[in-house]
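Participant: Below: one structure in structure tokens.
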């Protein structure tokens, strides 16, 4: 029997209709895995050995009672076959410390999804720089004058912090906007933090597409998140409307280009953000949108994931 651990935000507070981690747990349970639940505070190191307080878990698709804890135990993380790291951002120093603990378990043979070192290496906004021919025009800087010059060149740009999620603190700055200076100062904290600027992509009106990649293989359907009511942002957390659809030709091209690199880095479950035919983000920490896609199309993305995990464990 496969022992699967999950590190996640409190399960009592999730929305099971939308929660991808919950979908993963349902599929793992369907396959007869033993489920071990952990939150960040449950992980610890003692003399270099990664350990945790875990609670065995059962889940069900029931809006009144979707989980039940069984026994509680202190275990070596190496006793688990696989651990899903599904803690949502912020990707802060605490998150990084947790990846070091998980890496100790990985060195003792536990499969970690996604690979701890790659979680640290691949910032969701910055990692697109390794595929620069696929992205919009992009500037990463702390320098207000550089941001202003980039804006003057393109006339209509998007500016965002490097550590946001769910569309937080994303600004669209159009030609002639008198606020460019204060937006640059705010995002860079007066030149003390890096931020990103990209040329505005009009294709956002047709949706910001979340394309999932499982162990290097693109999922054939994506979720287009369409901005509502004059918004620039399609993120569901910012009120965007989700519309599942098949991948376009350019979606396939991008996912097939990026996929092998993700697989080689141990990034087994990844969400690409694509606007039109441009790659804007590579989400590695806790990608979502599985439930929305699975509700519309006859596909089990969590099944693809568990197949990939089983294949890796069999090696």
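From the backbone N, Cα and C atoms, a Cβ is placed for every residue, glycine too.
Per Swiss-Prot, the features are:
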BINDING   151-207  ATP binding site
BINDING   281, 283  Mg(2+) binding site
DOMAIN    125-310  domain 'ATP-grasp'
Participant: For residue 159 (ATP binding site), what is the secondary structure state per DSSP, taken as helix, strand or coil?
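Facilitator: Its secondary structure by DSSP: strand.
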Participant: Do me a favour and check the Cα-Cα span between residue 167 (ATP binding site) and residue 283 (Mg(2+) binding site); whole Å is fine.
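Facilitator: The separation of the Cα atoms works out to 13 Å.
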Participant: Within the chain of residue 159 (ATP binding site), which residues six or more apart in sequence place their C-beta under 8 angstroms from its C-beta?
Facilitator: 147, 170, 171, 172, 173, 183, 184, 187, 195, 196, 197
Participant: Using a Cβ-Cβ cut-off under 8 angstroms and a sequence gap of six or more, which residues of the chain neighbour residue 199 (ATP binding site)?
Facilitator: 136, 137, 154, 156, 157, 158
Participant: What does DSSP assign residue 283 (Mg(2+) binding site), in three states?
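Facilitator: In three-state terms, residue 283 (Mg(2+) binding site) counts as strand.
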Participant: Among the binding-site residues listed here, 175, 281, whose Cβ has the fewest other Cβ atoms inside 10 Å?
Facilitator: 175
Participant: Give the helix, strand or coil assignment DSSP yields for residue 183 (ATP binding site).
Facilitator: helix
Participant: Look up residue 151 (ATP binding site) in the DSSP assignment and reduce it to helix, strand or coil.
Facilitator: helix
Participant: Within its own chain, what residues at least 6 apart in sequence put their Cβ under 8 Å from the Cβ of residue 283 (Mg(2+) binding site), listed in sequence order?
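Facilitator: Long-range Cβ contacts: 124, 210, 270, 271, 272, 273.
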Participant: Report, in whole Å, the straight Cα-to-Cα distance of residue 281 (Mg(2+) binding site) from residue 191 (ATP binding site).
Facilitator: 23
Participant: Between 151, 167, 183, 191, 207, which of the binding-site residues has the fewest other CB atoms within 10 angstroms in the structure shown?
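Facilitator: If we count Cβ atoms within 10 Å for the binding-site residues 151, 167, 183, 191, 207, the smallest count is at 191.
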Participant: Does DSSP give residue 207 (ATP binding site) helix, strand or coil?
Facilitator: coil
Participant: Cα of residue 281 (Mg(2+) binding site) to Cα of residue 151 (ATP binding site): how many Å, rounded?
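Facilitator: Residue 281 (Mg(2+) binding site) to residue 151 (ATP binding site), Cα-Cα distance: 20 Å.
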